[in-house]
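Q: Quick one: the structure is below, and I'll ask about it shortly.
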Amino acid sequence: MKKLVLFLRLVKFEHTIFALPYAYLGMILAAYDHTRGLPTWGQVFWVTVAMVGARSAAMGLNRVIDRAIDARNPRTAQRELPRGLLSTLEVWVFIIVSLAVLGVAAWKLNPLCVELLPVAVVILVVYSYTKRFTWMSHFVLGIADGLAPLGGWLAVSGQFDLPAVVLAAAVATWIAAFDIIYACQDVDFDRDNGLHSVPVRFGIRRGLWISRGLDVVSVALFLSLLIWVPLGWLYAVGIAMVALLLIYEHRLVSPEDMTHIEKAFFTVNSYVAMVAFVFTAGDVLWHVLR
């Protein structure tokens with residue numbers, strides 16, 4: 001039980017709330033767009049399993065690859081690997097098991113998910129190295145998390161569609177935006193250790209403005225889904241609430257005051273994900289069941 005708790009802490013299991021609602025979002029929208037119906041319970045189950053496997057593998061890879069950096073950073077030195085609470089071998093076994101779970105889930109969903117699995121794994125691996133050579137690492141993380149709604153869509157439809165790409169782009173820009181905010185607290189450490197980020201490259205003030213711009217793009221992309229998918233007013237209200245939450249997030253942080261980064265990063269963004277999912281699901285259910 002103690003090891004289980006350590007692994008859950010290693011992968012920050014509570015942060016699954018950022019990605020899982022968007023996987024469900026892609027799944028629900030695909031079913032509605034293609035059949036004017038809802039996904040099956042089997043699809044819901046295997047998408048959930050796939051997401052848990054993918055996210056666990058991704059976080060495990062990040063922790064193993066960054067373990068030396070984490071040990072030098074006072075903010076991350078208390079993580080499980082730097083403290084020796086878990087061994088590198090144990091985490092690698094955890095990663096392999098997680099990838100196996102992801103593979104089984106992809107196989108149970110459809111052939112396209114299996115064919116695209118290597119692409120997803122490559123993106124998950126590459127992300128952990130990007131901050132060593134480019135300030136665009138936030139965007140690679142966005143792409144990695146944007147696979148969640150895209151994967152949910154493909155799991156149901158078995159094909160690429162423009163709305164799926166738009167949804168993935170909306171999530172990717174949102175993820176990149178709040179990752180830039182989160183990186184502001186490590187500017188001095190990153191600069192001293194030759195690591196790259198938007199705040200290191202452009203400064204905190206400009207970095208926060210870039211984050212705001214990305215959130216504007218994200219909201220615009222979410223709203224543009226109304227062009228291709230016959231959603232209604234409930235969806236629009238949900239995205240309006242998302243926009244208000246993002247405005248609040250940006251009011252919490254400034255170059256002069258970084259004390260509320262954790263609240264902006266975790267609390268507000270967990271609400272963003274849940275609001276987007278609940279209102280979209282409610283809109284789809286309204287149209288399907290009426």
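Cβ coordinates come from backbone N, Cα and C, glycine included.
This is the feature table in TrEMBL:
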TRANSMEM  43-65  transmembrane segment
TRANSMEM  85-103  transmembrane segment
TRANSMEM  109-127  transmembrane segment
TRANSMEM  139-156  transmembrane segment
TRANSMEM  162-182  transmembrane segment
TRANSMEM  216-248  transmembrane segment
TRANSMEM  268-289  transmembrane segment
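Give me the lay of the land around each of these features.
A: A Cβ distance under 8 Å defines the sequence-distant neighbours of the transmembrane segment (162-182), meaning residues of its chain 6+ beyond its ends; these are 18, 22, 25-26, 29-30, 33, 138-139, 141-143, 145-150, 153-154, 197-199, 207-208, 210-212, 214-215, 217-218, 221-222, 224-225, 228-229, 246, 249, 253, 261, 264-265, 269, 272.
Residues of the same chain lying 6 or more positions beyond the ends of the transmembrane segment (268-289) and with a Cβ under 8 Å from any Cβ of it are 17-22, 24-25, 28-29, 32, 36-38, 174, 178, 222, 230-235, 237-239, 241-242, 245-246, 248-249, 252.
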Q: Do any residues of this chain, six or more beyond the ends of the transmembrane segment (85-103), have a C-beta under 8 angstroms from a C-beta of it, and if so which?
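A: Residues 3, 6-7, 10, 49-50, 52-54, 56-57, 60-61, 63-64, 67, 114, 117, 121.
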Q: Restricting to the same chain and to residues at least six past its boundaries, which positions have a Cβ under 8 Å from a Cβ of the transmembrane segment (109-127)?
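A: Tertiary neighbours of the transmembrane segment (109-127) are 43, 46-47, 50, 54, 57-58, 61-62, 99, 102-103, 137, 140-141, 143-144, 147, 151, 154-155, 158-159.
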Q: Let me spell it out: take the transmembrane segment (139-156), skip the flanking residues so only those 6+ beyond its ends count, and list any with a Cβ under 8 Å from a Cβ in it.
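A: Residues packing against the transmembrane segment (139-156) from afar: 18-20, 22-31, 34, 39, 43, 46-47, 50-51, 54, 58, 109-110, 112-113, 116, 120, 123-124, 126-127, 130, 163-165, 167-169, 171-176, 179.
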